[in-house]
């Protein structure tokens, strides 16, 4: 396994700083028993307010469902550890746990569902919009592109291979539209949008601001539908998140350009603006830029951080569905933060160089990681090949900076 060899490499064993109590998202007494509100809400409460019988010989933490262990493990430095023993179980839960509730997620331009499991875990389901081998048409604007379910799955694995570990775990899944959405939904608005197509397939389209209409309906074969299941982060009432507008946000206009596209010295003013004027925030943003360029994702208008950790923490790389839309062309403007600031973390640069060498070729590693997904092959071969080409371009950009 090339992947196992990669994670044994010294560059993937740089220790993170010691995690103190204040560096943990949740401080949990390992002997504290946890139970759920009988009101049916998804909030976990201490057993002092609810009686729980624990199997003998087990500590309370052992009885937590995997998703709760994942939430409890989040700290200032990482969303999950490099050698996370929970990961295989968490991914398997996303792919196989019984779905007991499906409701539409509010907001956004496209249909997404929140699905709940019997252990109260929740996942964000993004349904299949286009096939693996379809490329985004060249005349499409980035903001009118489809979100792709396979991009969400591939982004999680790519983020892990780059050792960022800032994307919540995601798995592919085949969902039965009839039994796992229509028959169990309590969402009245969603329920009204189901119909049977002329071909006899079960379809639905939900309610949203852009792609929710009969013309953009999602149809099963006859009721089987592919999608990505991403682990939901802790509820914002328990762990507040701050949403930051990216300084290199695009204009989201058909003819207007953003300031960074017109001003080659744009980075100088970013460096003077909080939170980019101190700490490693700008370098973290450049990490995200590298990830987005490798995926071809132009849609990074915001990013989030956990409020508890202030400015000294990692960025969450959420919502990656507009990646992996084209393999035959690259979008150099995504690299603007790297090219304009000429800064990159040394550890990131060394890992990128490693991933361009034969024993650890990026395309081979991602191919291996995606092979275990229930929807494999997740990416078509040309997308995997494009990663190696784009990685060379990132290294060239750093080379130009070093020359300067």
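Each residue, glycine too, has its Cβ placed from N, Cα and C.
Database features (TrEMBL):
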type: BINDING; residues: 110, 126, 147, 230, 231, 232, 233, 304, 319; note: ATP binding site
type: BINDING; residues: 147, 319; note: Mn(2+) binding site
type: DOMAIN; residues: 194-403; note: domain 'FAM20 C-terminal'
type: ACT_SITE; residues: 299; note: active site
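Structure with TrEMBL features highlighted.
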| residue | record | Cβ contacts under 8 Å, 6 or more apart |
| --- | --- | --- |
| 110 | ATP binding site | 126, 129, 146, 147, 208, 210, 211, 212, 321 |
| 231 | ATP binding site | 67, 70, 90, 94, 121, 123, 168, 169, 170 |
| 233 | ATP binding site | 71, 168, 239, 241, 316 |
| 319 | ATP binding site | 299 |
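The most densely surrounded of the recorded positions 147, 299, judged by C-beta neighbours within 10 angstroms, is 147. Residues 110, 126, 147, 230, 231, 232, 233, 304, 319, recorded as contacting ATP, have a largest CA-CA distance of 20 Å.
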